[in-house]
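The following features are taken from TrEMBL:
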- 9-28: transmembrane segment (TRANSMEM)
- 40-64: transmembrane segment (TRANSMEM)
- 76-97: transmembrane segment (TRANSMEM)
- 117-138: transmembrane segment (TRANSMEM)
- 150-172: transmembrane segment (TRANSMEM)
- 195-214: transmembrane segment (TRANSMEM)
- 234-251: transmembrane segment (TRANSMEM)
- 279-306: transmembrane segment (TRANSMEM)
- 318-335: transmembrane segment (TRANSMEM)
- 347-370: transmembrane segment (TRANSMEM)
- 377-394: transmembrane segment (TRANSMEM)
- 414-431: transmembrane segment (TRANSMEM)
Amino acid sequence: MTKVSTKTTIIVGFMLFAMFFGAGNLIFPPALGLVSGEYFWITVFAFILTGVGLPILATIVGSLSKSGYKDLLKNVHPAYALVFMIVLYLVIGPLFAIPRTATVSYEMSILPFLDGASWLTLLLFSFVFFLASFIVALYPGKITSSIGKYLTPILLTVITIFIIGGFVAYWGNDYMVIDDLLDGNYFGYGFTEGYLTLDAIAAMAFSVIVITSLKKYGVSTQRDLLTSTIKSGTVALILLGTIYVSLAWIGNNVVLDRTSFEEGTNLGTYVLTFVSGDVFGAFGTVLLGLVVLSACLTTSIGLIVAVSEYFNEIFPKISYKVFVILTTIVSFGLANQGLEQIIETSVPVLFFIYPLAISSILLLLLTFFVKSPKLSIQLSILFVFLITVVTFIHRQEWVELSFVESIPFYAQQLEWLLFAVAGYLIGYFAGDKSNPVDFGEKEPLEEPTNS
């Protein structure tokens, strides 16, 4: 048994934190705090469940196999595992998430200092942004030290200054009373906002980086890998949870002029911009820009590495470096469409695959502890896929299928949940118990290489 040092656990935990704490995570908590009013704690608790707990859980589940979800999803079907993971990596990679990191950081860290947006300034900024991402991502063996030792402390320092300033400025204030924007659905809103950060999906990619990093630190058995991932995940969970609650508290206690809310205003962006200027003046704008830029850059690096490593495994004749170059170039090109166009074209795809991703995470965890026939996970995923196709068609207004709106939890976009449960139960009782869900042999991992 290899004992992983506390220092290594903290470094890998910081790496996880830095990758999960993207710009979307920065925006959601203050808005959540603002609209929750007196129901602050129930709303934030629900957000923490899916915005922190589920991504960390996804990372831990990924460590149940030495190859992560690439092998785990073969329990459904090898073809499903391959297609789903390719789509997953493309969506959270060069087609959406990576370009979004550049455009969001541009709009929040650069645009405030300009007279207005222009294609040229976005082009120049995104070029520098992706050049930095490319250089770090070229050396995956250095990713822990690059992110965990350097970028993360900078990010944490800036966020800490922002939070302390907010606490000092707004301590003693009551929550702001505004119209009930949530129609009383506080828990549901917080829960949904948490998984809309997309971190649970991203965790299915990040688990590969965690496995790679821990191997390089000398982890030699599957059991040690699982234990080390849980410990590192706990570090990330504490950091993320503390920061989310703090940012939400600031949003809940800041005093704003209600008349300044314009239709279509992003509450999270509005609150952050207001607080940074109100507490720190002109320096606050710079501070906010540093937070967003740091968060986006670390997320971009992590995703480029995860995407490139995955496709290099599928197509080993093409080098890792080539995939880093391709991923960076495609992301750079799509980023120059602008943020709104990226969101408009990609969000429907994300909402299609998200139910499948959540179902996969929870089913794999369940079947790890409860020996279940493969049919249980196969039917569950099949049922989720079918209902997701139907609701996707209806929500896109391609064909009116109004009956789906009567399905429980449709309004919360969780209508697939009952189908997942039904599929599992049918498969559990009807399936072949001698053909259980396979997590692989618990043999030692590959010998770690010392570099």
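Numbering starts at 1 and runs along the chain as it is shown here.
Note: Cβ is positioned from N, Cα and C throughout, glycine not excepted.
Since the structure is predicted, the reported quantities are computational estimates derived from the model, not experimental observations.
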Distal contacts, the transmembrane segment (234-251) - CB-CB under 8 A, six or more residues away: 9-10, 12-14, 16-17, 20-21, 25-26, 29-34, 36, 40, 44, 47-48, 51-53, 56, 156, 159, 163, 166-167, 170, 268, 271, 275
Listed stretch, out of 76-97, 195-214, 279-306, 347-370, 377-394, that has the most CB pairs under 8 angstroms to the transmembrane segment (40-64): 195-214
Tertiary contacts of the transmembrane segment (195-214), as residues 6+ beyond its ends and Cβ separation under 8 Å: 4, 8, 12, 15-16, 19-20, 22, 24-25, 28, 50-51, 54-59, 61-63, 66, 68-70, 85, 88-89, 91-93, 97, 140, 143-144, 225, 228-229, 232, 302-303, 305-307, 309-310, 350, 353-354, 357-358, 360-361
Paired segments the transmembrane segment (150-172) and the transmembrane segment (377-394) in contact, 3+ CB pairs under 8 A: no
Remote residues contacting the transmembrane segment (377-394) - C-beta distance under 8 A, at least 6 residues beyond either end: 75-77, 80, 348, 351-352, 355-356, 359-360, 363-364, 367, 400-402, 404-405, 407, 410, 415-416, 419-424, 426-427, 437
